[in-house]
Amino acid sequence: MVGSLNCIVAVSQNMGIGKNGDLPWPPLRNEFRYFQRMTTTSSVEGKQNLVIMGKKTWFSIPEKNRPLKGRINLVLSRELKEPPQGAHFLSRSLDDALKLTEQPELANKVDMVWIVGGSSVYKEAMNHPGHLKLFVTRIMQDFESDTFFPEIDLEKYKLLPEYPGVLSDVQEEKGIKYKFEVYEKND
């Protein structure tokens with residue numbers, strides 16, 4: 001049985017997550033390290049986490065950084081016939097991807113599942129029934145964006161007051177303030 005289903009995202013005050021295939025804000029090294037640590041760390045000996053992303057998100061990662069190392073990389077696409085070079089798996093939908101994690105080739109290898117973008121994949125995950133956590137980095141200013149994070153339904157999602165391994169105080173890099181939040185739903 002695969003562990004928890006999670007989304008991880010950094011989002012500006014105006015809910016932006018991307019611009020021209022890149023992040024809308026300058027690179028924030030410690031925020032990126034947080035993403036690496038959260039998506040890579042497995043709590044189960046001998047297992048790896050699975051990162052699920054849409055095709056655009058995959059191609060927005062610099063080629064030298066693909067696949068995201070130390071993680072099993074799965075790309076979602078209805079157009080592609082085989083996984084893009086470097087990706088480990090391809091699925092047509094999030095449901096198909098989650099079914100794949102129950103197959104023998106992955107069931108014993110995958111610990112946590114992390115959804116890393118983009119908008120439509122986040123939306124599909126957030127509307128998925130069952131237990132889901134959202135790891136949201138709130139970038140505390142507006143940035144011009146062309147890609148946005150879906151609205152978080154606070155009827156369904158509860159902001160957790162604290163979470164192990166997640167700093168609760170405001171961070172600052174390059175004059176940009178941000179904070180880490182964790183939301184959880186169980187329906």
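Easy rule for this one: first residue shown is 1, then count along the chain.
The backbone N, Cα and C atoms fix where each Cβ goes, and this holds for glycine too.
Here is what Swiss-Prot says about this protein:
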{"type": "BINDING", "residues": "A10, 16-22, 55-57, 77-79, 117-124", "note": "NADP(+) binding site"}
{"type": "BINDING", "residues": "E31, F32, R33, Y34, F35, Q36, N65, R71", "note": "substrate binding site"}
{"type": "DOMAIN", "residues": "4-185", "note": "domain 'DHFR'"}
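Location within the structure of each feature annotated in Swiss-Prot.
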residue	record	Cβ neighbours (10 Å)
A10	NADP(+) binding site	24
G21	NADP(+) binding site	13
E31	substrate binding site	19
F32	substrate binding site	14
R33	substrate binding site	10
Y34	substrate binding site	21
F35	substrate binding site	19
Q36	substrate binding site	14
N65	substrate binding site	9
E124	NADP(+) binding site	18
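Summary: among the binding-site residues (K56, R71, R78), the fewest other C-beta atoms within 10 A of the C-beta are counted at R78.
Reduced to three states, the DSSP call for G18 (NADP(+) binding site) is strand. In the three-state DSSP classification, E124 (NADP(+) binding site) falls within a helix. With a cut-off of 8 Å between CB atoms and residues at least 6 apart in sequence, the same chain places I17, G18, M53, G54, K56, T57, T147 near G118 (NADP(+) binding site), listed in sequence order. Taken as a whole, the domain 'DHFR' (4-185) shows an average pLDDT of 96 in this prediction. Taking F35 (substrate binding site) as the reference point, none of the binding-site residues G21, R78, V121, E124 has a C-alpha atom within 10 Å of its C-alpha.
Taking only the Cα positions, the spacing between R71 (substrate binding site) and R78 (NADP(+) binding site) is 23 angstrom. Within 10 Å of the Cβ of G18 (NADP(+) binding site) there are 21 other Cβ atoms, across all protein chains.
Distance noted between the C-alpha atoms of R78 (NADP(+) binding site) and Y34 (substrate binding site) is 30 Å. For the pair formed by E124 (NADP(+) binding site) and Y34 (substrate binding site), distance between Cα atoms is given as 24 Å, rounded to the nearest Å.
In three-state terms derived from DSSP, N65 (substrate binding site) belongs to a helical segment.
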